[in-house]
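**Q** According to Swiss-Prot, the record shows the following:
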type: DOMAIN; residues: 3-146; note: domain 'Clp R'
type: REGION; residues: 6-71; note: region 'Repeat 1'
type: REGION; residues: 83-146; note: region 'Repeat 2'
type: REGION; residues: 159-340; note: region 'NBD1'
type: BINDING; residues: 206, 207, 208, 209, 210, 211, 212, 213; note: ATP 1 binding site
type: REGION; residues: 341-549; note: region 'Linker'
type: COILED; residues: 391-525; note: coiled coil
type: REGION; residues: 559-768; note: region 'NBD2'
type: BINDING; residues: 609, 610, 611, 612, 613, 614, 615, 616; note: ATP 2 binding site
type: REGION; residues: 769-859; note: region 'C-terminal'
């Protein structure tokens, strides 16, 4: 027996058999242990070969286990166990069979043949299960495909297509693929390339999420349905699993052997198999080690000769980075460009997928939800592509509704929490013996009984609604299964079965579904329903809001009233400046009502005016109004961008420079918070080149950062503030607004280029503040102090006379409202801080600030 000529797979089986014999306290290594090791190994192919030969494999396994259990046991056996005489005889027969077949190595399938030839106990088990020398020989010939075993790893290369590929056409027959809607031109172009004599390899190139893999699935469905030219009919479409090819390839050359096995199997198939390689750029460099070939180079000859019918898919960037660099590989593929579908096409795609998602989640998806998913994803999710991003919205909204359906409704949850609270209170009150506690106990018992009854009623309604909903979902699932069976029966030509399924089973299920839907509608009025069972446009809008931070939910009456009273709300923080507040309010109302140009920012303004008149404060008030938080204000001090090279800090350093990976300050902030107020403060202090990057933002609402990513500014309000022309505003005072603006604009035109001014929606001039304005600002600022004192359980009351003194002390026509803050600090906060530290005011007391001549006094 030539032990050195055993294949790696059979050597592994012998080692495993040795372990089994030791574990069973066997006296010898019997042939039965080797057979068990082969049958237990999923990758050995022994079980498949026996099944191919018509042997009852489960019977073999059962009888074999009984035989091994009956063998004599030797306790305390140490070291290796020697092969029994029967096993040595079987191994010798294997050697003879290998020589007869001209094999260089002895493969594990010859062990099965030798067992049948040898008339020992294990051989009898095989014969009783239906094994004969003739049918085992025939099965070996079928498995080998006419090839000899010429190297130790020959068994690993068998059935390479089964191990390293997935059959898409079989999945299409089983109804496991989603329907592919549209994309006819791309599928037709791919078929056209596949029918060429040479270089018949299409590569689908497009952005991530546009549906490249779906096109291949569509082709698989067409092949199964016979909707392809004659030359492609009955072909198999397999997906190459490159990860499985590479995984576990420990030794040099092992990966190449596996790939060669796949190529050999494809060559044997004589062009009846198409192979799809997703992310085809991963072939370039796959399996590459020092001096070894990579997968891309191994595929080139087969691709050029037309032996390998390959369909590739990759993104534009990766095609350029990997495939285009290798000109020899590139010329073997024919490009099929896959563009992003339009919103209308996406709606059609979603309607095609609607039923699959309804069955998966067990809920209904309405048509308005489908339209909203396509339109809102196109408008607000700008860094991804249709239809993928629209499908994601539908999937996530459906998942959310399903989660709500499977958990306790909010109304019941509130009652549950209240009951827990009351029971805890009852436990404490029961310990008390006074009359008040007894009365309280009666009230608690009464409330608990009422809530328990209400909870029981709601629980009954919820369970009934859930049962109806689950029943309808189950019927939908059965309908889908019947439809798949109808398609399979039609393909097999079994028209009798197809008509039975269609006119009996399907009609019966459709009636059941209609009845279930009627029961769902009649069970409770929509207002009283505890369960939400469908996805509408509002659910989609909620998901978009959560994903992007953009409030796109349908405008409620409260928000409409809020927008109509926007000036009033902003004037609570910004005193005077009626023209500025009106201009900003009009821009926001235009955008929120859907009348503004969707491809531009919500509004772009240039605020001009002297220091301290409320330019920056209006931006803060606007951010607070729109988002209930000033965190959505992106403030950039333009005095930091006085040098020409500082532009790179806004959009990110170009490739090759330090900080390239970090991105730009402005672009990164807007990517994270796409719905923001952008304040470019003191804009006239920036270098003129900074304005060049703003032109694109103001006109198209987008900006390309240093890494080539397009950042969307369409949901931002851009405000630039400047002190240009402030001397004219101070000299002319509060005269005719248009006259002041005309004079100031002359200075603006000298500083900014015409193309910059032309792109700004509105230039707003802020006028100086008068004594009354300062008095009103003092009231606003003192409210902030009142809130801080409230935290210390103190109240603040400022008399009108005291307010006049503060306003007078804080009034300066040149510096605006900023001196007022200093006046409040010196006149009120400083003396008050000393008094508080001295302990002059007890908690809950009121601090009154009154006038005492020209000074203030505290009481």
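The first residue you see is number 1, and the count goes up from there.
For all residues, glycine too, the Cβ spot is worked out from N, Cα and C.
Give me the structural setting of these features: burial, nearby parts and distances.
**A** Averaged over the domain 'Clp R' (3-146), the predicted model has a pLDDT of 76.
Within the region 'Repeat 2' (83-146), the DSSP-based counts of helix, strand and coil residues read 45 helix, 2 strand, 17 coil.
A 10 Å cutoff on Cβ-Cβ distances gives residue 207 (ATP 1 binding site) a total of 16 other Cβ atoms nearby, all chains included.
Cβ neighbours within 10 Å of residue 612 (ATP 2 binding site), excluding its own Cβ and spanning all shown chains: 21.
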**Q** So of all those binding-site residues, 609, 610, 616, which one's Cα sits nearest to residue 209 (ATP 1 binding site)?
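**A** Going through 609, 610, 616 one by one, the Cα closest to that of residue 209 (ATP 1 binding site) is 616.
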**Q** Going by Cα-Cα distance, pick out whichever of the binding-site residues 208, 212, 213 is nearest to residue 609 (ATP 2 binding site).
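**A** Going through 208, 212, 213 one by one, the Cα closest to that of residue 609 (ATP 2 binding site) is 208.
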**Q** Counting each residue once, how many in the region 'Repeat 1' (6-71) are helix, strand and coil under DSSP?
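**A** Split into helix, strand and coil, the region 'Repeat 1' (6-71) gives 47 helix, 3 strand, 16 coil.
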**Q** Between residue 614 (ATP 2 binding site) and residue 210 (ATP 1 binding site), what C-alpha distance do you get in Å?
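**A** One finds 48 Å between the Cα atoms of these residues.
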**Q** Over all shown protein chains, what is the count of other CB atoms within 10 A of the CB belonging to residue 611 (ATP 2 binding site)?
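**A** Total other Cβ atoms inside 10 Å, all chains included: 15.
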**Q** Which residues, sitting 6 or more apart from residue 208 (ATP 1 binding site) on the same chain, put a CB under 8 Å from its CB?
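**A** Listed in sequence order: 315, 384, 385, 388.
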**Q** Which is it, of 213, 616: the one of these binding-site residues whose Cβ has the most other Cβ atoms within 10 Å?
**A** 616
**Q** Just name the most isolated of the binding-site residues 206, 209, going by other Cβ atoms within 10 Å of its Cβ.
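**A** Ranked by other Cβ atoms within 10 Å, the binding-site residues 206, 209 bottom out at 209.
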**Q** Take the C-alpha atoms of residue 615 (ATP 2 binding site) and residue 207 (ATP 1 binding site) and report the distance between them in angstrom, rounded.
**A** 43
